[in-house]
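According to Swiss-Prot:
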BINDING   ARG107, ASP108, GLU123, ARG124, ASP177  S-adenosyl-L-methionine binding site
Amino acid sequence: MAHSQVGIQLISESTEKTLAELTALCAEYNIIHNEKSPLALVQTDERLELRKLDEPKLRAVYVDFIGGTMAHRRKFGGGRGEAVAKAVGIKGSALPTVIDATAGLGRDAFVLAAIGCQVRLVERHPVVFLLLQDGLNRAYQDEEIGEILQQNLRLLNVHHINELDPNSDYADVVYLDPMYPHKQKSALVKKEMRVFQHLVGADLDADELLLPALQLAKKRVVVKRPDYAEFLCGKQPHFSRETKNHRFDIYMGASQC
């Protein structure tokens, strides 16, 4: 299934990768140059990043599994004690296989992969897909985490989980974290995320994810929601795990009912 066409400014600041090469890569994913877009996909010597040109004070968005927040979370975070780890059912030696069907910037998936789960990523937005692909390729080369990520974190070349076959592409857990319309205060908490939200917007068709997720999950579907959000599809989960600002709604799979 082809991605819907996305128009965005394409810029190369790299001495190694030309604008023509970036344009050709983007064309494969139906991303075209639009000089009027306030958003730009920029190739630097270090990475691929997304910028909001009309708000230059906002941070660029890019995927970095090696340093920054993710390195801190890997080294000093809760590991198996993290809420997402508990939600997917990590317990003792049990390390479920996971499909993250709304991968985004890959942060929760990275936590699960670093613990030892085998995680497959699906990302529907083509620009985010390229950011994620770029971040993974860089992480795969890292001496410290490259090997474990090559084993445990893989981006699938599909853009919706309804393209996966429940008979062959199943997993123990399907994880969903659809973008939700933010309350104004929470939208301003992480200013760098405003760039991401401007690109992606809310997942208005998020309800369409639950049925294919239930078909793919052998054990459970985990849906991450803001604490004020309604249930996905209006469907009551079997149970929920609550954190300070979010909750994880958990739907047990057919084999667990």
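Glycine is treated like the rest: Cβ placed from N, Cα and C.
Our reading of the S-adenosyl-L-methionine binding annotation (ARG107, ASP108, GLU123, ARG124, ASP177) yields a largest Cα to Cα distance of 17 angstrom. Long-range C-beta contacts of ASP108 (S-adenosyl-L-methionine binding site), restricted to its own chain and to partners at least six residues apart, with a cutoff below 8 Å, comprise VAL84, ASP100, TYR175, ASP177, LYS224.
DSSP assigns ASP108 (S-adenosyl-L-methionine binding site) to a helical segment in the three-state reduction. In this structure, the binding-site residues under consideration are ARG107, ARG124, and the one with the smallest number of other Cβ atoms within 10 Å of its Cβ is ARG107.
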